[in-house]
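Visitor: Just dropping this structure here.
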(Lines of atoms letter the chains of each structure in order from A and count residues from 1; the text may use other names and numbers.)
(Lines give C-alpha, C1' and ligand atoms only; values in the text may rest on other atoms or scores of the structure.)
Protein backbone atom coordinates (compact mmCIF):
# COMPACT_ATOMS: atom_id res chain seq x y z
CA UNK A 1 0.00 0.00 0.00
CA UNK A 2 2.84 2.42 0.85
CA UNK A 3 4.35 1.88 -2.62
CA UNK A 4 1.02 2.71 -4.26
CA UNK A 5 0.66 5.86 -2.17
CA UNK A 6 4.23 6.96 -3.01
CA UNK A 7 3.66 6.33 -6.73
CA UNK A 8 0.41 8.31 -6.80
CA UNK A 9 1.92 11.18 -4.83
CA UNK A 10 4.89 11.30 -7.23
CA UNK A 11 2.51 11.60 -10.21
CA UNK A 12 0.70 14.47 -8.53
CA UNK A 13 3.91 16.31 -7.68
CA UNK A 14 5.16 16.13 -11.28
CA UNK A 15 1.90 17.52 -12.74
CA UNK A 16 2.55 21.10 -13.92
CA UNK A 17 -1.15 22.03 -14.19
CA UNK A 18 -1.60 21.08 -10.57
CA UNK A 19 1.57 22.78 -9.30
CA UNK A 20 -0.11 25.94 -7.97
CA UNK A 21 -2.58 23.96 -5.86
CA UNK A 22 0.15 21.61 -4.67
CA UNK A 23 2.66 24.34 -3.79
CA UNK A 24 0.09 26.34 -1.89
CA UNK A 25 -1.26 23.22 -0.23
CA UNK A 26 2.16 22.39 1.19
CA UNK A 27 2.09 25.64 3.14
CA UNK A 28 -1.56 25.26 4.07
CA UNK A 29 -1.07 21.64 5.06
CA UNK A 30 1.92 22.52 7.21
CA UNK A 31 -0.16 25.19 8.91
CA UNK A 32 -3.09 22.84 9.45
CA UNK A 33 -0.81 20.16 10.88
CA UNK A 34 0.80 22.69 13.22
CA UNK A 35 -2.58 24.11 14.26
CA UNK A 36 -3.93 20.60 14.85
CA UNK A 37 -0.94 19.66 16.98
CA UNK A 38 -1.24 22.87 19.00
CA UNK A 39 -4.98 22.26 19.49
CA UNK A 40 -4.36 18.68 20.62
CA UNK A 41 -1.69 19.80 23.08
CA UNK A 42 -4.14 22.35 24.50
CA UNK A 43 -6.83 19.66 24.77
CA UNK A 44 -4.42 17.30 26.52
CA UNK A 45 -3.51 20.01 29.05
CA UNK A 46 -7.17 20.82 29.70
CA UNK A 47 -8.11 17.13 30.03
CA UNK A 48 -5.20 16.35 32.34
CA UNK A 49 -5.28 19.44 34.56
CA UNK A 50 -8.91 20.60 34.41
CA UNK A 51 -10.81 17.36 33.69
CA UNK A 52 -13.34 16.11 31.15
CA UNK A 53 -15.96 18.54 32.47
CA UNK A 54 -13.90 21.59 31.51
CA UNK A 55 -13.15 20.04 28.10
CA UNK A 56 -16.91 19.92 27.68
CA UNK A 57 -17.39 23.51 28.88
CA UNK A 58 -14.81 24.77 26.38
CA UNK A 59 -16.53 22.80 23.60
CA UNK A 60 -19.96 24.24 24.45
CA UNK A 61 -18.67 27.83 24.70
CA UNK A 62 -16.78 27.43 21.43
CA UNK A 63 -19.90 26.07 19.71
CA UNK A 64 -21.86 29.06 21.04
CA UNK A 65 -19.23 31.41 19.62
CA UNK A 66 -19.21 29.60 16.27
CA UNK A 67 -22.99 29.90 16.05
CA UNK A 68 -22.93 33.62 16.88
CA UNK A 69 -20.17 34.44 14.39
CA UNK A 70 -21.84 32.39 11.67
CA UNK A 71 -24.58 35.04 11.67
CA UNK A 72 -22.40 38.09 12.32
CA UNK A 73 -20.13 37.24 9.39
CA UNK A 74 -23.30 36.34 7.38
CA UNK A 75 -21.46 34.41 4.66
CA UNK A 76 -18.93 37.12 3.81
CA UNK A 77 -16.01 34.92 4.84
CA UNK A 78 -16.93 32.74 1.85
CA UNK A 79 -18.12 35.42 -0.58
CA UNK A 80 -14.93 37.46 -0.04
CA UNK A 81 -13.01 34.49 -1.46
CA UNK A 82 -14.93 35.02 -4.68
CA UNK A 83 -15.13 38.83 -4.68
CA UNK A 84 -11.49 39.75 -4.05
CA UNK A 85 -10.03 37.61 -6.90
CA UNK A 86 -12.87 38.72 -9.19
CA UNK A 87 -12.36 42.45 -8.55
CA UNK A 88 -8.59 42.17 -8.78
CA UNK A 89 -8.90 40.42 -12.15
CA UNK A 90 -11.63 42.64 -13.64
CA UNK A 91 -10.91 46.05 -12.10
CA UNK A 92 -8.12 47.02 -9.69
CA UNK A 93 -6.67 46.57 -6.18
CA UNK A 94 -8.52 49.75 -5.15
CA UNK A 95 -11.85 48.22 -6.16
CA UNK A 96 -11.03 45.01 -4.31
CA UNK A 97 -10.05 47.02 -1.22
CA UNK A 98 -13.34 48.95 -1.29
CA UNK A 99 -15.26 45.67 -1.35
CA UNK A 100 -13.21 44.37 1.57
CA UNK A 101 -13.55 47.57 3.61
CA UNK A 102 -17.31 47.83 3.11
CA UNK A 103 -17.69 44.17 4.08
CA UNK A 104 -15.53 44.69 7.15
CA UNK A 105 -17.64 47.59 8.44
CA UNK A 106 -20.82 45.58 7.94
CA UNK A 107 -19.36 42.65 9.90
CA UNK A 108 -18.24 44.89 12.77
CA UNK A 109 -21.68 46.48 13.02
CA UNK A 110 -23.53 43.16 13.07
CA UNK A 111 -21.05 41.74 15.57
CA UNK A 112 -21.46 44.57 18.06
CA UNK A 113 -25.25 44.33 17.92
CA UNK A 114 -25.24 40.54 18.27
CA UNK A 115 -22.66 40.59 21.05
CA UNK A 116 -24.75 43.07 23.04
CA UNK A 117 -27.89 40.96 22.60
CA UNK A 118 -26.17 37.74 23.69
CA UNK A 119 -24.43 39.44 26.62
CA UNK A 120 -27.76 40.38 28.18
CA UNK A 121 -29.23 36.96 27.30
CA UNK A 122 -26.41 34.93 28.87
CA UNK A 123 -28.45 33.84 31.90
CA UNK A 124 -31.34 32.70 29.72
CA UNK A 125 -29.04 30.75 27.38
CA UNK A 126 -27.27 28.97 30.23
CA UNK A 127 -30.33 28.21 32.36
CA UNK A 128 -33.11 27.64 29.84
CA UNK A 129 -31.38 26.23 26.76
CA UNK A 130 -28.53 24.23 28.31
CA UNK A 131 -30.03 23.78 31.80
CA UNK A 132 -26.63 24.73 33.23
CA UNK A 133 -26.94 28.13 35.01
CA UNK A 134 -23.31 28.02 36.16
CA UNK A 135 -22.19 28.54 32.54
CA UNK A 136 -23.81 31.99 32.25
CA UNK A 137 -20.59 33.84 33.09
CA UNK A 138 -18.79 32.08 30.25
CA UNK A 139 -21.53 32.89 27.73
CA UNK A 140 -21.47 36.55 28.83
CA UNK A 141 -17.70 36.83 28.42
CA UNK A 142 -17.80 35.02 25.07
CA UNK A 143 -20.36 37.56 23.82
CA UNK A 144 -17.79 40.34 24.23
CA UNK A 145 -15.38 38.48 21.94
CA UNK A 146 -17.86 37.91 19.09
CA UNK A 147 -16.60 40.96 17.19
CA UNK A 148 -12.99 39.77 17.41
CA UNK A 149 -13.71 36.28 16.14
CA UNK A 150 -15.85 37.72 13.34
CA UNK A 151 -12.89 39.84 12.23
CA UNK A 152 -10.64 36.81 12.49
CA UNK A 153 -12.89 34.80 10.17
CA UNK A 154 -13.29 37.60 7.62
CA UNK A 155 -9.62 38.55 7.51
CA UNK A 156 -8.42 34.95 7.31
CA UNK A 157 -10.61 34.42 4.24
CA UNK A 158 -9.57 37.77 2.75
CA UNK A 159 -5.93 36.75 3.01
CA UNK A 160 -6.83 33.59 1.12
CA UNK A 161 -8.51 35.66 -1.56
CA UNK A 162 -5.29 37.64 -2.02
CA UNK A 163 -3.37 34.34 -2.21
CA UNK A 164 -1.02 35.34 0.57
CA UNK A 165 -0.37 31.68 1.24
CA UNK A 166 2.37 32.04 3.83
CA UNK A 167 0.47 34.71 5.73
CA UNK A 168 -2.64 32.56 5.65
CA UNK A 169 -0.62 29.61 6.92
CA UNK A 170 0.53 31.72 9.85
CA UNK A 171 -3.01 32.91 10.58
CA UNK A 172 -4.17 29.29 10.67
CA UNK A 173 -1.73 28.64 13.50
CA UNK A 174 -2.16 31.87 15.46
CA UNK A 175 -5.46 31.12 17.30
CA UNK A 176 -4.19 27.77 18.54
CA UNK A 177 -0.72 29.14 19.25
CA UNK A 178 -2.05 32.07 21.28
CA UNK A 179 -4.49 29.73 23.00
CA UNK A 180 -1.75 27.34 24.10
CA UNK A 181 0.60 30.11 25.27
CA UNK A 182 -2.16 31.82 27.25
CA UNK A 183 -3.37 28.51 28.65
CA UNK A 184 0.09 27.80 30.05
CA UNK A 185 0.76 31.37 31.22
CA UNK A 186 -2.62 31.88 32.89
CA UNK A 187 -2.48 28.38 34.35
CA UNK A 188 0.77 29.30 36.08
CA UNK A 189 -0.45 32.70 37.26
CA UNK A 190 -3.91 31.74 38.53
CA UNK A 191 -5.84 28.70 39.71
CA UNK A 192 -9.20 29.87 38.32
CA UNK A 193 -11.11 26.99 36.67
CA UNK A 194 -12.15 29.18 33.72
CA UNK A 195 -8.60 29.63 32.40
CA UNK A 196 -9.16 27.36 29.33
CA UNK A 197 -12.14 29.47 28.24
CA UNK A 198 -10.30 32.77 28.74
CA UNK A 199 -7.28 31.50 26.78
CA UNK A 200 -9.50 30.40 23.89
CA UNK A 201 -11.26 33.76 23.64
CA UNK A 202 -8.10 35.85 23.87
CA UNK A 203 -6.50 33.72 21.15
CA UNK A 204 -9.33 34.63 18.79
CA UNK A 205 -9.06 38.32 19.69
CA UNK A 206 -5.32 38.55 19.05
CA UNK A 207 -5.65 36.77 15.70
CA UNK A 208 -8.51 39.04 14.61
CA UNK A 209 -6.51 42.18 15.36
CA UNK A 210 -3.43 40.78 13.59
CA UNK A 211 -5.46 39.93 10.46
CA UNK A 212 -6.92 43.43 10.34
CA UNK A 213 -3.45 44.94 10.33
CA UNK A 214 -2.17 42.54 7.66
CA UNK A 215 -5.04 43.29 5.26
CA UNK A 216 -4.64 47.06 5.55
CA UNK A 217 -0.88 46.83 5.05
CA UNK A 218 -1.17 44.53 2.02
CA UNK A 219 -3.78 46.58 0.19
CA UNK A 220 -1.91 49.85 0.78
CA UNK A 221 1.13 48.34 -0.93
CA UNK A 222 -0.90 47.23 -3.97
CA UNK A 223 -3.10 50.29 -4.50
CA UNK A 224 -1.92 52.68 -7.25
CA UNK A 225 -3.05 56.31 -7.79
CA UNK A 226 -4.43 55.54 -11.26
CA UNK A 227 -6.42 52.46 -10.27
CA UNK A 228 -9.78 52.00 -11.94
CA UNK A 229 -12.49 52.22 -9.28
CA UNK A 230 -15.56 50.04 -9.67
CA UNK A 231 -18.04 50.78 -6.87
CA UNK A 232 -19.83 47.90 -5.20
CA UNK A 233 -23.20 48.22 -3.56
CA UNK A 234 -24.07 46.76 -0.20
CA UNK A 235 -26.98 45.05 -1.95
CA UNK A 236 -24.62 43.12 -4.22
CA UNK A 237 -22.44 41.98 -1.33
CA UNK A 238 -25.51 40.81 0.55
CA UNK A 239 -26.94 39.11 -2.53
CA UNK A 240 -23.82 36.96 -2.81
CA UNK A 241 -23.22 36.53 0.92
CA UNK A 242 -26.67 35.68 2.26
CA UNK A 243 -27.04 32.40 0.33
CA UNK A 244 -23.59 31.54 1.64
CA UNK A 245 -24.79 32.43 5.14
CA UNK A 246 -27.37 29.71 4.75
CA UNK A 247 -24.62 27.31 3.71
CA UNK A 248 -22.50 28.37 6.69
CA UNK A 249 -25.48 27.96 9.02
CA UNK A 250 -26.13 24.47 7.74
CA UNK A 251 -22.42 23.67 8.08
CA UNK A 252 -22.63 24.78 11.69
CA UNK A 253 -25.51 22.46 12.44
CA UNK A 254 -23.78 19.63 10.60
CA UNK A 255 -20.56 20.11 12.57
CA UNK A 256 -21.82 21.29 15.97
CA UNK A 257 -25.20 19.61 16.51
CA UNK A 258 -23.56 16.80 18.48
CA UNK A 259 -21.86 19.17 20.91
CA UNK A 260 -24.91 21.43 21.30
CA UNK A 261 -27.38 18.60 21.90
CA UNK A 262 -25.05 16.70 24.19
CA UNK A 263 -24.75 19.96 26.14
CA UNK A 264 -28.54 20.15 26.34
CA UNK A 265 -29.29 16.51 27.21
CA UNK A 266 -26.13 15.07 28.81
CA UNK A 267 -23.32 16.05 31.18
CA UNK A 268 -20.34 18.32 30.49
CA UNK A 269 -18.08 15.26 30.80
CA UNK A 270 -19.88 13.51 27.93
CA UNK A 271 -19.54 16.64 25.84
CA UNK A 272 -15.83 16.53 26.65
CA UNK A 273 -15.49 12.90 25.55
CA UNK A 274 -17.30 13.58 22.30
CA UNK A 275 -15.35 16.75 21.52
CA UNK A 276 -12.08 14.84 21.83
CA UNK A 277 -13.40 12.12 19.49
CA UNK A 278 -14.30 14.86 17.00
CA UNK A 279 -10.83 16.42 17.25
CA UNK A 280 -9.15 13.09 16.54
CA UNK A 281 -11.52 12.12 13.72
CA UNK A 282 -10.93 15.42 11.94
CA UNK A 283 -7.26 14.54 11.69
CA UNK A 284 -8.44 12.65 8.60
CA UNK A 285 -9.84 15.84 7.07
CA UNK A 286 -7.20 18.47 7.77
CA UNK A 287 -5.68 17.57 4.40
CA UNK A 288 -9.03 18.42 2.82
CA UNK A 289 -9.12 21.75 4.64
CA UNK A 290 -5.56 22.57 3.60
CA UNK A 291 -6.23 21.93 -0.08
CA UNK A 292 -9.55 23.79 0.07
CA UNK A 293 -7.56 26.80 1.25
CA UNK A 294 -5.80 27.05 -2.10
CA UNK A 295 -8.27 25.41 -4.44
CA UNK A 296 -11.30 27.63 -3.71
CA UNK A 297 -9.90 30.82 -5.34
CA UNK A 298 -8.47 28.66 -8.16
CA UNK A 299 -11.90 27.13 -8.85
CA UNK A 300 -13.38 30.63 -9.07
CA UNK A 301 -10.63 31.82 -11.42
CA UNK A 302 -10.91 28.83 -13.79
CA UNK A 303 -14.70 28.91 -13.90
CA UNK A 304 -14.93 32.65 -14.60
CA UNK A 305 -12.25 32.22 -17.27
CA UNK A 306 -14.37 29.56 -18.99
CA UNK A 307 -11.77 26.81 -18.48
CA UNK A 308 -14.22 24.08 -17.49
CA UNK A 309 -12.05 21.12 -18.50
CA UNK A 310 -9.11 22.45 -16.50
CA UNK A 311 -11.46 23.20 -13.61
CA UNK A 312 -12.53 19.57 -13.30
CA UNK A 313 -8.98 18.38 -13.94
CA UNK A 314 -7.67 20.42 -11.01
CA UNK A 315 -10.62 19.40 -8.81
CA UNK A 316 -10.04 15.69 -9.51
CA UNK A 317 -6.31 16.00 -8.86
CA UNK A 318 -7.06 17.77 -5.59
CA UNK A 319 -9.25 14.88 -4.49
CA UNK A 320 -6.54 12.35 -5.38
CA UNK A 321 -4.06 14.22 -3.21
CA UNK A 322 -6.58 14.32 -0.37
CA UNK A 323 -7.24 10.58 -0.63
CA UNK A 324 -3.64 9.39 -0.64
CA UNK A 325 -2.67 11.75 2.16
CA UNK A 326 -5.66 10.60 4.23
CA UNK A 327 -5.27 6.81 4.05
CA UNK A 328 -2.32 6.51 6.49
CA UNK A 329 -4.04 8.74 9.06
CA UNK A 330 -7.26 6.77 8.75
CA UNK A 331 -5.64 3.39 9.35
CA UNK A 332 -3.57 4.72 12.24
CA UNK A 333 -6.69 5.92 14.05
CA UNK A 334 -8.56 2.69 13.32
CA UNK A 335 -5.79 0.60 14.86
CA UNK A 336 -4.40 2.82 17.60
CA UNK A 337 -7.33 5.14 18.39
CA UNK A 338 -8.08 3.68 21.81
CA UNK A 339 -4.41 3.77 22.78
CA UNK A 340 -4.15 7.42 21.70
CA UNK A 341 -7.20 8.33 23.79
CA UNK A 342 -5.78 6.58 26.85
CA UNK A 343 -2.20 7.85 26.64
CA UNK A 344 -2.92 11.46 25.70
CA UNK A 345 -6.15 12.24 27.50
CA UNK A 346 -6.51 9.60 30.20
CA UNK A 347 -8.19 6.22 30.60
CA UNK A 348 -11.63 7.78 31.12
CA UNK A 349 -11.59 9.08 27.53
CA UNK A 350 -11.44 5.56 26.03
CA UNK A 351 -15.25 5.52 26.25
CA UNK A 352 -15.11 7.75 23.15
CA UNK A 353 -13.42 5.09 20.98
CA UNK A 354 -16.62 3.74 19.41
CA UNK A 355 -17.75 7.27 18.60
CA UNK A 356 -14.32 7.94 17.10
CA UNK A 357 -14.63 4.97 14.73
CA UNK A 358 -18.07 6.09 13.58
CA UNK A 359 -16.86 9.65 12.99
CA UNK A 360 -13.87 8.41 10.98
CA UNK A 361 -16.22 6.74 8.49
CA UNK A 362 -17.98 10.05 7.88
CA UNK A 363 -14.72 11.96 7.53
CA UNK A 364 -13.38 9.41 5.06
CA UNK A 365 -16.45 9.82 2.83
CA UNK A 366 -15.90 13.56 3.12
CA UNK A 367 -12.31 13.16 1.94
CA UNK A 368 -12.95 10.97 -1.12
CA UNK A 369 -15.67 13.39 -2.24
CA UNK A 370 -13.08 16.15 -2.60
CA UNK A 371 -13.69 19.89 -2.31
CA UNK A 372 -17.28 19.57 -3.49
CA UNK A 373 -18.70 22.20 -1.12
CA UNK A 374 -16.19 24.90 -2.07
CA UNK A 375 -16.47 23.76 -5.69
CA UNK A 376 -20.21 24.46 -5.82
CA UNK A 377 -19.81 27.78 -3.97
CA UNK A 378 -17.09 29.05 -6.28
CA UNK A 379 -18.87 28.19 -9.56
CA UNK A 380 -22.22 29.74 -8.66
CA UNK A 381 -24.19 26.81 -7.26
CA UNK A 382 -24.30 28.14 -3.71
CA UNK A 383 -28.11 28.13 -3.68
CA UNK A 384 -28.24 24.47 -4.63
CA UNK A 385 -25.57 23.65 -2.06
CA UNK A 386 -27.60 25.54 0.53
CA UNK A 387 -30.63 23.35 -0.17
CA UNK A 388 -28.58 20.16 0.11
CA UNK A 389 -26.98 21.25 3.37
CA UNK A 390 -30.34 22.33 4.76
CA UNK A 391 -31.68 18.81 4.23
CA UNK A 392 -28.52 17.29 5.70
CA UNK A 393 -28.62 19.54 8.76
CA UNK A 394 -32.29 18.73 9.33
CA UNK A 395 -31.48 15.02 9.21
CA UNK A 396 -28.57 15.53 11.61
CA UNK A 397 -30.75 17.37 14.11
CA UNK A 398 -33.50 14.75 13.82
CA UNK A 399 -31.15 11.79 14.30
CA UNK A 400 -29.31 13.56 17.14
CA UNK A 401 -32.56 14.44 18.90
CA UNK A 402 -33.67 10.80 18.77
CA UNK A 403 -30.34 9.08 19.45
CA UNK A 404 -28.46 11.31 21.93
CA UNK A 405 -30.90 10.95 24.86
CA UNK A 406 -30.75 7.16 24.38
CA UNK A 407 -27.12 6.35 23.55
CA UNK A 408 -25.22 9.57 24.25
CA UNK A 409 -22.01 10.24 22.35
CA UNK A 410 -22.43 7.25 20.03
CA UNK A 411 -25.79 8.65 18.97
CA UNK A 412 -24.17 12.01 18.22
CA UNK A 413 -21.49 10.26 16.16
CA UNK A 414 -24.01 8.21 14.16
CA UNK A 415 -26.06 11.32 13.37
CA UNK A 416 -22.96 13.21 12.25
CA UNK A 417 -21.71 10.36 10.06
CA UNK A 418 -25.05 9.84 8.29
CA UNK A 419 -25.31 13.58 7.70
CA UNK A 420 -21.86 13.79 6.05
CA UNK A 421 -22.57 10.82 3.81
CA UNK A 422 -25.92 12.27 2.74
CA UNK A 423 -24.74 15.75 1.78
CA UNK A 424 -21.58 14.64 -0.01
CA UNK A 425 -23.41 12.09 -2.16
CA UNK A 426 -26.21 14.58 -2.89
CA UNK A 427 -23.77 17.32 -3.96
CA UNK A 428 -21.75 14.95 -6.14
CA UNK A 429 -24.94 13.70 -7.79
CA UNK A 430 -26.05 17.26 -8.58
CA UNK A 431 -22.74 18.20 -10.22
CA UNK A 432 -22.73 14.94 -12.18
CA UNK A 433 -26.18 15.70 -13.58
CA UNK A 434 -25.02 19.18 -14.64
CA UNK A 435 -21.62 18.33 -16.13
CA UNK A 436 -21.47 14.55 -16.50
CA UNK A 437 -18.47 14.38 -14.15
CA UNK A 438 -17.64 14.93 -10.49
CA UNK A 439 -14.80 15.84 -8.15
CA UNK A 440 -14.72 12.46 -6.42
CA UNK A 441 -11.87 9.96 -6.56
CA UNK A 442 -12.20 6.23 -5.91
CA UNK A 443 -8.95 4.24 -6.30
CA UNK A 444 -8.81 1.55 -9.00
CA UNK A 445 -11.97 3.01 -10.57
CA UNK A 446 -11.03 6.64 -11.42
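Backbone N, Cα and C define each Cβ position, glycine as well.
Got these off TrEMBL a minute ago, pasting:
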type	residues	note
TRANSMEM	21-50	transmembrane segment
TRANSMEM	56-84	transmembrane segment
TRANSMEM	105-130	transmembrane segment
TRANSMEM	136-155	transmembrane segment
TRANSMEM	167-189	transmembrane segment
TRANSMEM	195-217	transmembrane segment
TRANSMEM	237-265	transmembrane segment
TRANSMEM	271-291	transmembrane segment
TRANSMEM	321-345	transmembrane segment
TRANSMEM	351-376	transmembrane segment
TRANSMEM	388-407	transmembrane segment
TRANSMEM	413-432	transmembrane segment
Visitor: Let me check one thing: do the transmembrane segment (56-84) and the transmembrane segment (388-407) come into contact, meaning three or more Cβ pairs under 8 Å with sequence separation of at least 6?
Guide: no
Visitor: Given pairs 6 or more apart, does the transmembrane segment (271-291) have at least three Cβ pairs under 8 Å with the transmembrane segment (351-376)?
Guide: yes
Visitor: For the transmembrane segment (195-217), could you work out the same-chain residues 6 or more beyond its ends whose Cβ comes under 8 Å from its Cβ atoms?
Guide: 42, 46, 50, 54, 57-58, 61-62, 65, 100, 104, 138, 141-142, 145, 147-152, 154-156, 158-159, 164, 167, 171, 174-180, 182-183, 186-187
Visitor: Sequence gap of 6 or more, Cβ distance under 8 Å, 3 or more pairs: do the transmembrane segment (351-376) and the transmembrane segment (105-130) meet that?
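Guide: They do not touch: fewer than three Cβ pairs between the two stretches lie under 8 Å.
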